[in-house]
Amino acid sequence: MSAAPGQPQPLCLTTTRPLSGDVTVPGDKSISHRSLMLGALAVGETRVTGLLEGEDVLATAAAMRAMGADISRNDAGEWRIHGVGVGGLLQPQTALDMGNSGTSTRLLMGLVASHPITATFVGDASLSSRPMGRVITPLAQMGATISATPGPDIKGLGRQTLPLTLTGACPAIPLRYTLPVASAQVKSAILLAGLNTPGDTTVIEPIPTRDHSERMLAGFGARLTVETAPEGRIITIHGEAELKPQTIVVPGDPSSAAFPMVAALIVPGSDIIIRNVGINPTRAGLIAVLQAMGGDITLLNQRDVGGEPVADLHVRHSALMGIEVPPDGAPSMIDEYPILFVAAACAQGRTVCHGLEELRVKESDRIAVMAEGLMACGIACEELADGLIVAGQGGDAVPGGATINARLDHRIAMCFAVLGLNARRPVRIDDARPIQTSFPTFVPMMQQLGATADH
Ligand SMILES: O=C(O)C1=C[C@@H](OP(=O)(O)O)[C@@H](O)[C@H](O)C1
Ligand SMILES: C=C(OP(=O)(O)O)C(=O)O
């Protein structure tokens, strides 16, 4: 029985047997957002299959509709987008509700920044505490006017948060900008602003981040170049572009696949296949780290789907060992650290992770919240300013026996649901509703693998 709307929905996953079966995960969230945004700026009809129908992506769809795009879904699950053309976004009549989604907010701020319109962005309590100064600074340099809500100061750098109102500049001023944080959202916001800016807009990223925006902008016909130089990747977009509609097949989300992957590694005897998972090297860092910990993960049937590398993952239960995780790979698995900490809790020995300052400004402070939850489940950890040390116990199941406050963070909720599969006493999540933002089929998929869900 499902809870009444507005009521917390507790969740507890358990299993008495190995996980087995053959599953798929929903479409990639990053690619789904970008499909809707770029389709909404193309002239003609873009068709998308495999779109993630989670709340974050639906927030992007609603915003693009509010700015003039015609977006529909047919009974076969195919999405069709009739775009307004670059430069053609209309002023939304009401505030854009971004829900829980940082990607929607920051990328759409980029789009609005070079259109002659004003938009107000609002979000839930989690999103309203996340830093927006990182996009406000470059977009203001491009001429946008932004009035944001002051948030708590971080490291003396000040902090600006939602609600905020942004008025675009037309024409916007082309920018050459070196990213001060490794963030694909900041990079993408500037490149999207550059679409309707005369001349060349350049982003320099000293540390590479996910490259879906570059791949997809080029696929839609924008003039975009990428050079590798000593200072990093230099990405230049030539503005006042005309985008051509595309047919897009969205691959399965590696960030979602991470949950059944770790579940199979930690539940004794498990043997599963996860089909059609994106393995873009800017996203696939977790696989190599888990393999280095002794995880039995094989990539089958590697292929290319719509310009993105994809594989089927064969995952078997493994005796994991703690390792030092190289910090230079952090951007390629930034959303996967919380579930890596779960794998580490079930490994033998210490897993040491550094270079994770960005985890503190996600949907929750993912270092602090994971440390607190793991300790409540009987796992020793040491919180560092930029990371976490998890002292794995190996062998037996972890103690468990805690109720976790998921803090409006979908990945925290899924992490502790997975940990509960290898715990002696149940691990309960106070409210599993945030899982709807990125992985609406998480619970049925885990049940398909053999888990039991108590609500
Ligand atoms: O560009 C994107 O689609 C995303 C970039 C990452 O955020 P940052 O750019 O803040 O690192 C990631 O955490 C988020 O889930 C999705
Ligand atoms: C950080 C995430 O998303 P966003 O920034 O879009 O809210 C995430 O999905 O883990």
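Using N, Cα and C of the backbone, Cβ positions are placed for all residues, glycine too.
Listed in TrEMBL for this protein:
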- 15-444: domain 'Enolpyruvate transferase' (DOMAIN)
- LYS29, SER30, ARG34, SER183, GLN185, ASP335, LYS362: 3-phosphoshikimate binding site (BINDING)
- LYS29, GLY102, ARG130, GLN185, ARG366, ARG411: phosphoenolpyruvate binding site (BINDING)
- ASP335: active site, proton acceptor (ACT_SITE)
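Here the features listed in TrEMBL are placed on the structure.
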residue : record                           : DSSP (3 states)
LYS29   : 3-phosphoshikimate binding site  : helix
GLY102  : phosphoenolpyruvate binding site : helix
ARG130  : phosphoenolpyruvate binding site : coil
SER183  : 3-phosphoshikimate binding site  : coil
ASP335  : 3-phosphoshikimate binding site  : helix
LYS362  : 3-phosphoshikimate binding site  : coil
ARG411  : phosphoenolpyruvate binding site : helix
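A gap of 13 Å separates the Cα atoms of ARG34 (3-phosphoshikimate binding site) and GLY102 (phosphoenolpyruvate binding site). Note on proximity: among GLY102, ARG130, ARG366, the binding-site residues of the record, the Cα nearest SER183 (3-phosphoshikimate binding site) is that of GLY102.
Within 10 Å of ASP335 (3-phosphoshikimate binding site), counting CA to CA, the binding-site residues GLY102, ARG130, ARG411 contribute ARG411. Within 10 Å of the C-beta of ASP335 (3-phosphoshikimate binding site) we count 23 further C-beta atoms, all protein chains included. For the domain 'Enolpyruvate transferase' (15-444), the model's pLDDT averages out at 97. Put simply, ARG411 (phosphoenolpyruvate binding site) is 18 Å from GLN185 (3-phosphoshikimate binding site) when counted between their Cα atoms. Contact annotation for binding-site residues (ARG34, ARG130, ARG366, ARG411) versus ligand 1: none, no CB falling under 6 Å from a ligand atom. Taking the C-alpha atom of ARG130 (phosphoenolpyruvate binding site) as reference, the shortest distance to any of the binding-site residues LYS29, SER30, LYS362 belongs to LYS362. ARG411 (phosphoenolpyruvate binding site) is surrounded by 27 other CB atoms, counting those within 10 A of its CB over all protein chains shown. In the three-state DSSP scheme, ARG34 (3-phosphoshikimate binding site) is classed as helix.
Taking ARG34, ARG130, SER183, LYS362, ARG366 as the candidate binding-site residues, the subset whose CB lies under 6 angstroms from any atom of ligand 2 consists of LYS362.
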